[in-house]
Amino acid sequence: MGFRLITQLKGMSVFLVLFPTLLLVMLTGAQRACPKNCRCDGKIVYCESHAFADIPENISGGSQGLSLRFNSIQKLKSNQFAGLNQLIWLYLDHNYISSVDEDAFQGIRRLKELILSSNKITYLHNKTFHPVPNLRNLDLSYNKLQTLQSEQFKGLRKLIILHLRSNSLKTVPIRVFQDCRNLDFLDLGYNRLRSLSRNAFAGLLKLKELHLEHNQFSKINFAHFPRLFNLRSIYLQWNRIRSVSQGLTWTWSSLHTLDLSGNDIQAIEPGTFKCLPNLQKLNLDSNKLTNVSQETVNAWISLISITLSGNMWECSRSICPLFYWLKNFKGNKESTMICAGPKHIQGEKVSDAVETYNICSDVQVVNTERSHLAPQTPQKPPFIPKPTIFKPDAVPATLEAVSPSPGFQIPGTDHEYEHVSFHKIIAGSVALFLSVAMILLVIYVSWKRYPASMKQLQQHSLMKRRRKKARESERQMNSPLQEYYVDYKPTNSETMDISVNGSGPCTYTISGSRECEIPHHVKPLPYYSYDQPVIGYCQAHQPLHINKAYEAVSIEQDDSPSLELGRDHSFIATIARSAAPAIYLERITN
């Protein structure tokens, strides 16, 4: 019993070791399986530019992307891709596909992107795309499709982008796009469409961009685009459109771009653009327009860009409404509008001709909708004037056409500017208050947190002021008008004369180098007495006046020691200017 159990356990252990290894080898082999002449990158298979006439074999069932571009495939058979149920995108462009079986795409329900452009497809069955309801992007451009079936796109509720460009389509069936509720982009350009049924685009509630250029339309009525509430751009250039009318009972407020260039438009019906209040970009170049009515330019209230070159402008009084509108227009515009008539001004610029020949000098043209102000706020809904908000001296909206447009102003603009200025003043005051409060807070915190530092700063500033005052006082004391110095340095011979005769010459050097002689006795201190100041000051650096003669005193009255002959003596006398002048003599014996 135990032996059997051990044997079974050994067998199970061998199985547990070998099974994962075998599974890993199988998975690795499956991942490495790649068709001949193809390149595999994980779950993406590239079989491009190898002249494949059919779908290659041995493509892994777990592939999520398959590119068969630039090959020689001529036909898509039934269940051609049934084994590729994980496929997310499939590229079949630039082949020679002329027929597609209605069950060709069975089994690839997860497919989100299908590219069939640049082939030779002339017909598609009504149910061709029903097996792929998760499509987001479908490209059928550059084929030879002549018609679309009524249920061609039924069930494609997740479709976002649809390319039908450059085919041979002549009509668009009624409600053919009914189920394409999320369609954002539709390209029908470069076909042979001559007319549109009223409900051709019914159901495209989220459509934002529509291309209809290079077709064969002869007239356009905006009523053919019912309830396209989100459409922002429509391209109708290079058709054969001769007239444009509106016929809408609703306002098409979402449309921002309208391209009508390269057509045969000779005139625009009055009121055509009234249903497009938010139109920002309008292309009317390369048509046959001779003039634009006043009612038409009045409806261009939100334009920020316009092209008008290449038309047959008649430079007469009928051009004046457009001329004045362009003169006040602040957006992007062309300056190459050329006169086609009258004969004598053919080839001249419209603006130059009007000003040179005074064509509009006696014509009063107005703009009731203020289109020249629209570029300042292109994204906002247009301002519709109401008589109730006008100033007392303003005219009603219905009679606005009486006054010229250059002087027109929006009511309430001054008040808006006043509010803006008031807000700026408040903001500036608040900013100033916060700045001062911040400075005071920093000072207070510094004073509280570092009191010693604040005291040192105060002491430093006080010492600085004291030093400054001391320097000023010293500068005043050292002025040349404050003190005078008189030096006396007798020579040896003069000393002998003084000793023998009792008198002799002496030299007083005062600023200005003035000299005088005074009698000098051997004992100088007792000999000086005066009733009035000895020195009289007239002006600064004036000659020194001696007011008192020197009188000798008897030897008996002198108790001071006498000078000895034969010795060198020097006397220095200093005279200082003070309230009571006095003369001091200091004797120095060398």
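Count begins at 1; order follows the chain as displayed.
Here the Cβ of each residue, glycine as well, is placed from N, Cα and C on the backbone.
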Swiss-Prot annotation, N-linked glycosylation site - which of Asn58, Asn501: Asn58
Least surrounded among the glycosylation sites, given as Asn58, Asn126, Asn291, when other CB atoms within 10 Å are counted: Asn58
Highest-contact recorded stretch vs the repeat 'LRR 7' (206-226), from 86-107, 158-179, 254-275, 278-299, CB pairs under 8 Å: 254-275
C-alpha spacing of Asn58 (N-linked glycosylation site) relative to Asn291 (N-linked glycosylation site), in angstrom: 68
For Asn291 (N-linked glycosylation site): DSSP state (helix, strand, coil): coil
Averaged pLDDT score, the repeat 'LRR 2' (86-107): 97
For the repeat 'LRR 2' (86-107), sequence-distant contacts whose Cβ falls under 8 Å of one of its Cβ atoms, 6 or more beyond its ends: 43, 61-80, 113-129, 131-132, 139
Contacting positions for the repeat 'LRR 5' (158-179) when only residues 6+ beyond its ends and CB under 8 Å are counted: 117, 133-152, 185-197, 199-204, 211
Rounded distance in angstrom between the Cα atoms of Asn58 (N-linked glycosylation site) and Asn126 (N-linked glycosylation site): 31
